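Contents: one structure, followed by commentary.
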Amino acid sequence: MRVSGRPMLLALLLLLSTVGDPGHAQPRGPADRQTLLRLLVELVQELKKFHIGDSKRLQLLGESDFALGRREATDYGADQEEQRVEIVPRDLRMKDKFLKHLTGPLYFSPKCSKHFHRLYHNTRDCTIPAYYKRCARLLTRLAVSPMCMER
């Protein structure tokens, strides 16, 4: 649990300023002021040391949490079959609806259908939903290309 030093410092200052006999209001000499100043400086230095030590401790804990052990480091690249991420195809109707929303109705001539199918089914841009905007741009550029403009 981390406690902020400022409220504690203010509380100590208030406490030190009110300490004394409640009935007597004595004028304080320069020696009392110097000792009070020394106490405050020591208190501030202790708080700084505490916060620096606390942050170093947190950094050390953070480094050890993410470090790989000797066994983990050797096993990391061992089996490519287990580590391969399998991409699950999404609903193709949703893909089609989204691309039609971005591009509008597109027409591809029969000469261009082979290029369209290669682009639509085999590229990363048209198979991963995060890249559908790129796919829409590529499809519109293909549709307006001279090869595909012929009807």
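Every residue gets a Cβ built from N, Cα and C, even glycine.
Partner cysteine of CYS148, as given in Swiss-Prot, is CYS112 (from among CYS112, CYS126, disulfide bond). Applying an 8 A CB threshold to same-chain residues 6+ apart, the list for CYS126 (disulfide bond) reads LYS95, LEU99, LEU119, TYR120, TYR132, CYS135, LEU138, LEU139. In sequence order, LEU142, SER145, MET147, CYS148 are the residues of the chain that are 6 or more apart from CYS112 (disulfide bond) and have a CB within less than 8 Å of its CB.
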